Amino acid sequence: MNAIITTAVFGIVLMFVGLFVKNKQQIKYFAIAGTILAFIANWYDCTLAGGSSVILHGMVEVSKFSILFNGVAIVSTFLYFLLCGSAFERVGDDVADYFALVFFILSGVMLTASFSNLLMLFLAIEIISIPQYILAGADKKNLKSNEASLKYFLTGSFTTGILLMGIALLYGATGTFNIREMGLGTGDLSPLALCGIILLAFALAFKVSAAPFHFWTPDVYDGSPTVFTAFMATVVKAASFVAFMRLFYVSFTGGDITHHWQLIIALITAATLLIGNFTAVFQQSVKRMLAYSSIAQAGFMLFAIVSNNEMAAQGMILYAAAYSVATIGVFAVLLKMKDYTFDGYNGLARREPLLALVTTIFLLSLAGIPLTAGFFAKYFVLSAAVQAGGLLWLVILGVLCAAISAYYYFRVIIAMYFRAGEAETLPITGGFKAALLLAAAIVIALGLFPGLLLQFL
Amino acid sequence: MLTVLLILIPLITGLITFGLKGPGAKVFSLLSSFATLAVAVFAWAQFQVAPDSLQFTADWIPQLNSQFKVGLDGLSLMLVLLTAISFPLIFITVFSRSYDRAGSFYGLMLLSQAGLLGVFLAYDALLFYFFWELALIPVYFLCSMWGGERAVPVTFKFFVYTFAGSLLMLVGIIYIYFQTPGSFSWQAFTSLNLSNGEQSWLFWLFFVAFAIKMPVFPFHTWQPDTYEQSPTPVTMVLSGIMVKMGLFGVMRWLVPVLPQGVYMWQEAAIVLSVIGIIYASCIAIMQTDLKKLIAYSSIAHIGLMSAAIFANNEQSIAGVQVQMFNHGINIIGLWIIVEVIEQRLKIKNMTGLGGIATHAPKLAILLVIVSLANIALPLTNGFIGEFLMFSGLFQYNPWFAAVAGLAVILAAVYMLRMLQKVLFGESNALTATTTDLKAGEMLAMACIVAVIFVLGFYPKPLLDLASGLGLPNAIAAVITR
């Protein structure tokens, strides 16, 4: 709870700091200090709760899971500021505002792991979404950025309507907004409740860019300023997933209820895996490839929702961490490239061996190769699905798609190492390299010992 | 601790080698490979007196109850010895050559050695999978970076094939894990009683992964191109040791864990293997490219081994184990000669060769010996293994043995034709310039020929390893069924 308040207040403070501090570097350092502050607040929450769940007025629930996820989100944001923070000033002049908006998003992100009331879920989703609409259009003079913002806003607000409709129907069926008091029983559902669940599933599927609700994703991710895409595609996406999972795991479980929606989500998962992976294969720009890869990765994260068990929760935390850190790392390097196509990476290994090496580690992690965090992330979500039973067809489809994903991730590696070329980069500082190494070290450490993270759960 | 050292030495030295330059990397990695060899030999000695001391277990992922569990038995010891002997031989052979970015080259070689040794030592399914992939990644970079002009797409095909296969195996591992009381250990896996239906489909998840690695027909299409395009030292690792990962996987995991599945599908697996033998042998006869010829001959040999594993009786299993070792040694010998010819003459096509024997007699003699060992002539090391495998296969079904037996004749056809085209006949302007083996190459070849003859005359040490201790109880259980 303290962490949520800290980030929200810090966002407001940052807006005012923008008025007085004109040095953009200083604002960045200030923001980094903010994430550290949020981390301390989260730690304080942890000691306060002492391992048990604390429910605040039936609205917010501070649990081990929420604290751990907050920690992951904060550390990811910290890395994001460290790696991409200096790219903020290339977007526009209002650097402090951008940082403030990211902090607002972060406070929404924390709510997604701790809401215990459907209204808080709605608030969390909106707190996340509205700053994103602004960030997507931050590059005001760029038409593509404008288009991305408008597209995102229109589709997003439409989905908000669906989300609200779902909540209203559920309220009609159960008479409560509290996710623990739904009492949907164990047998058949009333049509009202079933419609509510399905509408909620569709709205959340839109937010996590699952097929067939994914059409906004490539355009928005491609059109938005790259530095903000990096955040949207990682921490925010993971948070939407956590909200999705929390709602379905807590409220729509028990008896036969899971079976009412499981098949729909399973089909959505299959479609997401296929569309994300196959389309990513045909991209020419690394940025757009990463947009489709984020859809493909969403397919794997959906496994956690389909399987709906305890292992899925572990898998979600690991996936959130592995995917966020690796993708932020890839984006950070992408931001330093002058040419965003695959060819732009040609020969990077000769010019900047360290950049090529860490990018390789991040890409291997995204592909799910052992020794990287991505392997255990995939391992846990796939295991969860096997454990749930009856989903083996989906698991096999999943691993085949993982093999396909190797194709487009390795294209970057091939370009960097085996193609001759003069990959042009912006000037690279020692601090940037050190931060990249830190991120790579996290990926490898989690790839060797996932227990480092899971022990807190 | 000895077993852990076997993995740690190449792993750590490999990482250090990345930071070294040119000759330093070369010498350092050679020393490292000798250190591993010394430990392996010591482990062999230890195995005779106190086999229990070679087991090691430590906690790895408590949340999954997966352990860092390694150990040695006869089967793994054989392959560990093969790996430990091969790497120094390979490093000696290429000692006179200098590779671009040598630090990375030798570092990756050592990392692949660590992965291979890990695969052979692991007694925990998740750990096994971990090393299985770990062995692949360095090889991918080695082939792509130092390979021929088509190496990048060819290696990528190889990578995707094996990656897809091993992911299917991962699904199988996960499924079986949930049937155990929550353990990945080999003991837990093998003591399960899975139903026939489960074993039947689980068999294919594992079989495809291993079959791609071996490779067994029809999963072999990556192999000839990869062998041809890879730099020769890497081809030696691939064909000498890495293909044994597939065979080893079948023997360590597939047969003991899914005995009923193997029983149900053994005929299908043998049919595929035998088709592979005949098919690859026929293609080998038609080849004019030296490297591809050896690649296809390797498919044929592996096919025989795979057929013998699935015939699954005492003789054939013992034969496979012996042959895994000997095939590794022989094929590395063949590649050394090919490497020499390719380096000296810059040509791989046999039609342009001929008459080398008069200009490079040592090379010619050694090539003849290695080729004859590859045909499995008596008194060479290849004989005993093939004999055991055929007699095992014969016990299972005489028809399979008869058809597979054609492979021996076909092998003689293509190997002798190769000798004739390369060594004898008229020499041309190019082959007249052939110089004989240099000291390093000579040393490596001398070791190999020594092994060929010693084990040809006296195969008892290998047979001791292969029988008794090496035979997992579960295999014995299937035989009696």
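Glycine is treated like the rest: Cβ placed from N, Cα and C.
Annotated in TrEMBL:
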- B:122-406: domain 'NADH:quinone oxidoreductase/Mrp antiporter transmembrane' (DOMAIN)
- B:75-96: transmembrane segment (TRANSMEM)
- B:103-123: transmembrane segment (TRANSMEM)
- B:129-146: transmembrane segment (TRANSMEM)
- B:158-178: transmembrane segment (TRANSMEM)
- B:201-222: transmembrane segment (TRANSMEM)
- B:234-255: transmembrane segment (TRANSMEM)
- B:267-286: transmembrane segment (TRANSMEM)
- B:293-312: transmembrane segment (TRANSMEM)
- B:324-342: transmembrane segment (TRANSMEM)
- B:363-384: transmembrane segment (TRANSMEM)
- B:396-416: transmembrane segment (TRANSMEM)
- B:437-458: transmembrane segment (TRANSMEM)
Relative to the transmembrane segment (B:293-312), the stretch among B:75-96, B:103-123, B:158-178, B:396-416, B:437-458 with the most Cβ pairs under 8 Å is B:396-416
>> Would you say the transmembrane segment (B:437-458) and the transmembrane segment (B:324-342) are in contact under the rule of three or more C-beta pairs closer than 8 Å, pairs 6 or more apart in sequence?
In response: yes
Under 8 Å Cβ-Cβ from the transmembrane segment (B:129-146), and at least six residues away from its ends along the same chain, one finds 99-101, 104-105, 108-109, 111-112, 114-116, 118-119, 122, 152, 154-156, 158-159, 162-163, 166, 169-170, 173, 226, 229-231, 234, 237-238, 242, 245, 249
Lying 6 or more residues past either end of the transmembrane segment (B:75-96) yet within Cβ distance under 8 Å of it, the residues of that chain are 6, 10, 26, 29-30, 33-34, 36-37, 39-41, 43-44, 47, 106, 109-110, 113, 116-117, 120-121, 232-233, 236-237, 240-241, 244, 248, 251-252, 321-322, 324-325, 328-329, 332, 336, 339, 438, 440-441, 443-444, 447-448, 451, 462, 465-466, 470, 472
Other same-chain positions with a Cβ less than 8 Å from the transmembrane segment (B:396-416) and lying at least 6 residues past its termini are 270, 273-274, 277-278, 281-282, 284-285, 287, 293, 297, 300-301, 303-304, 307, 311-313, 316, 371-372, 374-376, 386, 390
If one takes Cβ-Cβ under 8 Å and requires six or more residues beyond its ends, the residues near the transmembrane segment (B:437-458) are 85, 89-90, 92-93, 95-96, 326, 329-330, 332-333, 336-337, 340, 360, 362-363, 366, 369-370, 373, 378-384
